[in-house]
Structure formats: structure tokens, C-alpha cells
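Q: Before we start, here is the structure in question, set down as C-alpha cells.
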Amino acid sequence: MEKLMVTGGRPLQGTVTISGAKNSAIALIPAALLADSEVILDNLPLLSDVAVYAEILEGLGARVSWEGSQMRIDPSNVKSIPMPNGPVKKLRASYYMMGALLGKFGEALIGLPGGCNFEPRPIDQHIKGFEALGATAVNEHGAIHLHSEELRGTKIYLDVASVGATINIMLAAAKAKGSTIIENAAKEPEIIDVATLLNSMGASIKGAGTETIRIEGVQTLHGCRHSIIPDRIQAGTYMIAAAATRGNVLIDSVIPKHLEALTAKLQEMGVTVEEMDESIRIIGGPDYQHIDVKALVYPGFPTDLQSPMTSLLTQANGASVLSDFVYSNRFKHVPELVRMGAKIRVEGRSAVIEGGTLNAAKVQAADLRAGAALVIAGLTVEGGVTEIEGVEYIDRGYDNLVTNLRNLGANVWRQTI
Ligand code: EPU
């Protein structure tokens, strides 16, 4: 076990290059199962969640080779082997195995997902979609057993615009008979990325990125090569870290449009944000204004940047209000920030954050983005060492975090516990 040690007080300076998106990668890898020949994924992030997914696919008989940022997946010998336990339990996104195996074989038995459990995260909309396509879904001692003789296209209205349900239904419907229409679909860029891969494999999916997605089922899907979009949440985390340390950082290999909600909020606070074609420069200022932020579904402010933003708002003058309308109680970072001297109170779905100075403390990352928030908080503290436990959560979503921060001049290191 390791912990992260952070001595702050230095403005971040330099360039950081962003890797491929975690939340795309962990949907694209299971999507590759639907092909009948090799799929090559480029720009893959080096993350523990990706390694777990490679292990899951190998367990089903896929040939997986992963070198640097490229993964080759040959699914020609894959079988729908029941996976009630094992690596599927380590990942939230193992639910994509349900859509992929149901779409390919009409049969899947997958243990209910693990992952970052900052609050109960139901998958009723995924199941509703599978059932609408004609599958039966039975919970067998904590594993979902899906079965269908023949999936048939239909119209599915999602009660919540869920990223996971939208992608899972696309996976199951890509080879279903006839047309499927998903209404109130989620619009996150990762959904477009999955549709792009599936279309390169021979699927017919239109409207990804809008609230109505139309899928015309096809009989076979073939191999292809696909490059994963940049990780907007990783990029946003470095933008926030640069602002919090009043640094000057070029965030490279990004799609600035994916970060518009964050850019607008940073500018409102008084941070200078310069957008180029594939990069963003953040120049911190001496004084930041308090602001209100509402985390919403895309293109709103991302819930995954809500915790890192909390740390930045401790550096603003006055009281900011940060509300999360995606998750009702994603505030496990708050008590830890309070340990560091932050003045924050949670009221329902909102955190009220009074600006002030933080101090070094021993803290615990309870989930991935809470971990990122604590690293950013530690980077603002002059003197003392902030010790962050729960590094395994951070490793799930941040490729080379320590190396990247050190290259930007931060004093951050890992220490064995
Ligand atoms: N929801 C339901 N029923 C469902 C599905 C979702 O009620 O069947 C609710 C959830 O409880 C939540 C809301 O709908 O309140 C949105 O959930 P969504 O399904 O969109 O989230 P997800 O697909 O489980 C993905 C990301 C999360 C990210 C959310 C929102 C992956 C593997 N995870 O989760 O990422 O927070 O979308 O953008 O793609 C992270 O990266 O740290 C992370 C948690």
C-alpha cells in the first residue's frame, strides 16, 4: 500500500499532455467484443481500471495485447462465460459486459458492479433497456443473468439521461433486429466515442451526442482501429490545479469544446483561460471571486470535476455554492478538506465553501475524484506535508499523476505505508 505525499505552495508551471479518456476506454474495450476480428485501440490511458478490463476480456477467451497506449483485442474465440465474481467486482463499468455479451450471444451473467461507491448507483435504466429489447433479466444472488433468443429493436425512453445506460443499450442494440431509438439519451462526449467505434466496426448509429440516438441493427461487426478521445476530466483536473496554485500551465492534447463549462466558471472567478485548437493555457491570478457552480449532465459542469472544484473554491474570496444535480451526496471529500482547515458545510445537494487558507493534514481519499480534490488542496498549502491515503482510487483515473505533477514543478511523491 502507498500514500501520496504533497508539499505545496509552488505555482505549477509547464506543459502537461493529456491521455485518452478513462470513461471512454472502459466502454470501448467491452465494445470490441462485438466484433468478429481484431480491434485496435490507440491513445489508451495507463490506468488500473483498464488493466482490470483487459483481465476480464482474457477471462472470456479474448486475446489481448497491451503495449504503451495501444491495445489489440482479438475477440474471435470469446464465449459468454458466467462472471458472477472475480475482476468484474472491482469495476463500476463492468456493467458494459452485460450489453456487449447480450448483444453478441444473447446471454450474459455478470456480477453487480463494484468501483467508486460514493453513493448508491442503481442500474435500473440499463435493465429497463435490455428488457425493452426483449431480454429477460434475473438477479441471481447478486449477479444479473440476461437472456434473449432474439433482441429486437424498439423505442426506449430513459427516465434519467444515464451515461452508462445509454452506452449499454447501444452495445446491446447494435446487432439487434430492426431499429432502436433511445430517447433522453445522455450526451457526454464518451458516448459519441463509443458510437464512432461501433460505426467503424460496421454498426449504424446516428445521433450520438444528442438526446435521440437511432440504431439500425446489423448482423455482423468487424475489427477496426480507433483512437480514444482525450480525457476531459483529467484535463479539467490539471486546469483546476493550475488555477489553485496560481500557476501557468499549458494543457495539451485536449478538445477545448469538451471543457467549455469549466472554462466559463474559471473565467468567472478571474482565472485567465486561453483556448487553442488542441490545448488550453491556464494562467492563475492573485485574487479569485466566489462563484456558484451547478454540476449537471453534459454539456453542463461535470460532476466528476465537482470535488476538484471544491478545493479551488477554498482559494476564492467569499462564499461559493457548489451544487451537484447528478449525484445527491457526492461530498466525501468535504470532511477531509475540513481537516485541512477548509470552511465548508454541506446543505442537501450543495456545499457552501468559504474562502481561506488550508493547512497540511493526514487525509483519506474515499473515491477517485475526492482523491484528486485532496491532491489539489495539498498543492495550495505552504509548509508541512499533506499525506493522502487511498491512492488506489486515484490510480483508477489519473494516468501518471505524480510524474505529471512533478514535471510541472510540484513536490509530490509516493510513500509505502
Ligand atoms: N442512474 C439511475 N439509474 C440508472 C443509471 C443511473 O438512477 O440505471 C442515476 C445515477 O444514480 C446518477 C445519474 O443517474 O444519479 C447519472 O448516472 P450515470 O448512469 O450517468 O453514471 P454512470 O454511467 O454510472 C458515468 C461515469 C462517472 C460519471 C457519470 C456522470 C463511467 C464508468 N462512469 O457513470 O464517472 O460521474 O457517468 O457523468 O463512465 C468518475 O469518473 O469518477 C465517475 C464516477
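Quick reminder: no glycine exception, Cβ is built from N, Cα and C everywhere.
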Q: Given that TrEMBL lists R92, R121, P122, I123, D124, Q125, V326 as binding UDP-N-acetyl-alpha-D-glucosamine, which residue among D292, D304 does it place in the same site?
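A: Given R92, R121, P122, I123, D124, Q125, V326 bind UDP-N-acetyl-alpha-D-glucosamine in TrEMBL, the matching entry from D292, D304 is D304.
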Q: Can you tell me whether DSSP puts N23 (phosphoenolpyruvate binding site) in helix, strand or coil?
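A: In the DSSP reduction, N23 (phosphoenolpyruvate binding site) maps to helix.
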Q: List the residues of the same chain that sit at least 6 positions away from K22 (phosphoenolpyruvate binding site) in sequence and have their Cβ under 8 Å from its Cβ, in sequence order, or write 'none'.
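A: Non-local contacts for K22 (phosphoenolpyruvate binding site): P45, L47, D49, V50, D231, I233, Q234, R396, G397.
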